[in-house]
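Student: Quick one: this structure, given as structure tokens, is what I'll be asking you about.
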């Protein structure tokens, strides 16, 4: 029992001493001791010389607590970061042993002490917050360790590769470097290794997700010497949800809307032209709005490829009706119709004259019409209105005569007369078929029917190729 009490007394003694010291420091009667200590530390302190001047380089440890990433701008190629930036180093000139506690001093004391000449290499604009006072902290430890903290908002350059935009990933860095001191005078390191940077996992961005981050320590060589550099690199993955709702879905719906013209009657010119022009102008507006939110870069982005593809489909749908309109209502079909009617009239007149010249006492050789069958004749006449058919040439039946030879038996003569009569009857029937007028086109054209299938199939294939390529 005695031994246990002794052990308890031994272990509790330092705690009691610390409590007494703390109380003595806070005691107004002992405030003079603290004041004397601070005055002694600052008296004769030369801010122009680094710690251990002429000796080994000063080791400066860095800590960053990220408060927020306020903005990532593709137009300016930068991002804005608010952070608590802390640096720690040992300055033996500031060590003390009279007070066994840390001294947190007024931020204005920092102007009287040596601090590292740290700067952000890729910084565009930075400032230290000053509400309600300048956000700086100076804390001294008995062994001379100095902790210097700042609350900083910095806008930092981030060179982005937007070829896969908006399906891209970007690497943005924060480069920390000494401006004047070389590696002979100062060294930088991450204080706490992988735990030197905190707050990254708590950050939420509207268009990005922080996939990963890494800490880098290196030395860079310039003409003036070798300098220490620390790098904090963020890997940002863009969230595609916003762009699907704002760009991709409207483009898809507008492209599908342009196909409605394939189901509108081809003679409804006003409706089809208005629909085509409206969809083309809408796609142009989407393209223009997108360009305003992005920098003027020389290469083609992924979203440019998609919008360009949608624009081509919409524009081709408008050209499809221009083709249909020309085929059905242009001058070409009218000329074909008139030429076909003229040829049919001439053929009918020629056959009528040739039939009247037939003599039953002559040996007549009738060659058949150069029409394969009645169905082919009907299709040829009906096909005059087909835009893909060329001008059909109607050849009259060639009728050849030759002088009668030796007299034949009357039986054969009668048979020949009956055969000639049948031929004449069939010729008249076929000739009458050539007089059929070209009917008015009231059915949907074959081009429209094929377009209803061709456009959706090709657009679906385009989407499959696009998403497989850029997502993977």
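Along the chain as shown, the residues are counted starting at 1.
Glycine is treated like the rest: Cβ placed from N, Cα and C.
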Student: For the feature transmembrane segment as recorded in Swiss-Prot, pick the matching range from 309-329, 330-350, 351-371.
Tutor: 309-329
Student: Quick check on the annotations: Swiss-Prot lists transmembrane segment for one of 211-230, 271-290, 391-410, 411-430. Which range is it?
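Tutor: Spelled out, Swiss-Prot records transmembrane segment over residues 271-290, not the other listed ranges.
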Student: Ranked by the number of other Cβ atoms within 10 Å of their own Cβ, which of the recorded positions 102, 224 ranks first?
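Tutor: Checking each of 102, 224, the winner is 102.
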Student: Between the Cα atoms of residue 172 (disulfide bond) and residue 224 (4-aminobutanoate binding site), find the distance and write it as a whole number of Å.
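Tutor: Pair distance, Cα basis, whole Å: 27 Å.
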Student: Between the recorded positions 102, 179, 224, which lies closest to residue 158 (disulfide bond), Cα to Cα?
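Tutor: Ranked by Cα distance from residue 158 (disulfide bond), first place goes to 179.
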Student: Counting only other Cβ atoms and using a 10 Å cut-off, which of the disulfide-bonded residues 158, 172 scores lowest?
Tutor: 158
Student: For residue 179 (4-aminobutanoate binding site), write down the residues of its own chain that are at least 6 apart in sequence and whose Cβ falls under 8 Å from its Cβ; none is a fine answer.
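Tutor: Listed in sequence order: 117, 118, 119.
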Student: For a three-state summary based on DSSP, what are the helix, strand and coil counts in the region 'Etomidate binding' (287-308)?
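Tutor: With helix first, then strand, then coil, the region 'Etomidate binding' (287-308) has 13 helix, 0 strand, 9 coil.
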Student: Any idea what the Cα distance is from residue 102 (N-linked glycosylation site) over to residue 224 (4-aminobutanoate binding site), rounded to a whole Å?
Tutor: 38
